[in-house]
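Enquirer: Take a look at this one; I'll ask things after.
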Amino acid sequence: MSLKDQLIHNVHKEEHSHAHNKISVVGVGAVGMACAISILMKDLADELALVDVVEDKLKGEMLDLQHGSLFLRTPKIVSGKDYSVTAHSKLVIVTAGARQQEGESRLNLVQRNVNIFKVIIPNVVKYSPDCKLLIVSNPVDILTYVAWKISGFPKHRVIGSGCNLDSARFRHLMGERLGIHPLSCHGWIVGEHGDSSVPVWSGVNVAGVSLKALHPDMGTDADKEHWKEVHKQVVDSAYEVIKLKGYTSWAIGLSVADLAETIMKNLRRVHPISTVVKGMHGIKEDVFLSVPCVLGSSGITDVVKMILKPEEEDKLRKSADTLWGIQKELQF
């Protein structure tokens, strides 16, 4: 009789049923691992699967997380280069791809990452045909479109992390200026995640008090307080962090875990995330841009109709045109 048999009397033989709240992360670079640890710390999954092509790094990251099991509430952490480890996922987060170099625009990464997605997406779909796909790899808006096209999924199940982080950065910087926690500073950044994102100044408020009503020059060149600089800092922030530490990881990891929580718990919170915007704000092409979306366990169920100023709509359409110009040239 083994020690285990002496210690434990078995009452019921469990059939090996699969996890009920499984999350998979594709890519165990800095961003993928920041997503993984943020998700583990929020107790969102009963199983976490990691996938990558670099096997030693992958196994090392898995073991390192498993060694912290005592301090976590996620009983199963697995990894493999084969996508069978991701089977039956509720949510699959894709962070894999070529990394943005210092000074490189997100759009420059495109074709390099499309080729990577041609391998990843069909494998994800094969093992988790009912999952939600959350795309994080840059340029996120275009790659979300690519994932949608390759997967054949309905659009509500293919989500780009989009401006969830840009808006968080904006609210942080707004909070720094006002001496108020970002949770109480409300403001939305929409459009492209990156250089042509659009700050919606008309909606910026604290406790329902419109800052633009108090300070009409806000966000314009005439503004003596230079609030436009806050949006410029948001746009520059990734470049600054990349210049200083080589990559960004923690904020995007936390931002992705925030989205994962909304999905896994069916919270129906509104997030600025990337979805198909055809037919909205005068956009005629199949492009993905961030707009305020109601998010839950089936993915994106609704979009909040923002009231934008004509110049804000123009910027959004310009973003759409830029993205479409690139998308229509893609080979996949």
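Sequential numbering from 1, following the chain as shown.
Backbone N, Cα and C define each Cβ position, glycine as well.
Dumping what Swiss-Prot says about this protein:
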BINDING   29-57, Arg99, Asn138  NAD(+) binding site
BINDING   Arg106, Asn138, Arg169, Thr248  substrate binding site
ACT_SITE  His193  active site, proton acceptor
Enquirer: Enter the number of other CB atoms within 10 angstroms of the CB of Met33 (NAD(+) binding site).
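Expert: There are 20 such Cβ atoms around Met33 (NAD(+) binding site).
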Enquirer: Rank the binding-site residues Asn138, Thr248 by how many other Cβ atoms lie within 10 Å of each Cβ and give me the one with the fewest.
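Expert: Across Asn138, Thr248, these binding-site residues, the one with fewest Cβ atoms within 10 Å is Thr248.
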Enquirer: Spatially, which candidate from the recorded positions Asn138, Arg169, His193, Thr248 is nearest to Met33 (NAD(+) binding site), comparing Cα atoms?
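Expert: Going through Asn138, Arg169, His193, Thr248 one by one, the closest to Met33 (NAD(+) binding site) is Thr248.
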Enquirer: Given the recorded positions Arg169, His193, Thr248, state which is nearest to Ile37 (NAD(+) binding site) when distance is taken between Cα atoms.
Expert: Thr248
Enquirer: Rounded to the nearest Å, what's the C-alpha distance separating Gly29 (NAD(+) binding site) and Arg169 (substrate binding site)? Just drop the number here, would you?
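Expert: For Gly29 (NAD(+) binding site) versus Arg169 (substrate binding site), the Cα atoms are 22 Å apart.
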Enquirer: Please list residues from the chain of Met41 (NAD(+) binding site) whose Cβ is under 8 angstroms from its Cβ, counting only those at least six apart in sequence.
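Expert: Non-local contacts for Met41 (NAD(+) binding site): Leu72, Ala257.
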Enquirer: Take the C-alpha atoms of Arg169 (substrate binding site) and His193 (active site, proton acceptor) and report the distance between them in angstrom, rounded.
Expert: 12
Enquirer: Name the residue among the recorded positions Lys57, Arg169, His193 whose Cβ has the smallest number of other Cβ atoms within 10 Å.
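Expert: Among the recorded positions Lys57, Arg169, His193, the sparsest Cβ neighbourhood within 10 Å belongs to Lys57.
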Enquirer: May I ask you to report the DSSP-based helix, strand or coil state of Val53 (NAD(+) binding site)?
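Expert: In three-state terms, Val53 (NAD(+) binding site) counts as coil.
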Enquirer: Return the residues near Ala45 (NAD(+) binding site), defined as same-chain residues 6+ apart in sequence whose C-beta is under 8 angstroms from its C-beta, sorted by sequence, else 'none'.
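Expert: Counting only residues 6 or more apart in sequence, the Cβ neighbours of Ala45 (NAD(+) binding site) under 8 Å are Ala19, Asn21, Lys22, Ile23, Ile39, Thr74, Met264.
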Enquirer: Consider the binding-site residues Ala49, Val53, Lys57 and say which one has the Cα lying nearest the Cα of Thr248 (substrate binding site).
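Expert: Checking each of Ala49, Val53, Lys57 against Thr248 (substrate binding site), the shortest Cα distance is to Lys57.
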Enquirer: Fewest other Cβ atoms within 10 Å: which of the binding-site residues Ile37, Ala49, Val53 wins that one? Let me know.
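Expert: Among the binding-site residues Ile37, Ala49, Val53, the lowest count of other Cβ atoms within 10 Å belongs to Val53.
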Enquirer: From the Cα of Asn138 (substrate binding site) across to the Cα of the residue listed as 'active site, proton acceptor', what is the distance in angstrom?
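Expert: Answer for this pair: 9 Å between alpha carbons.
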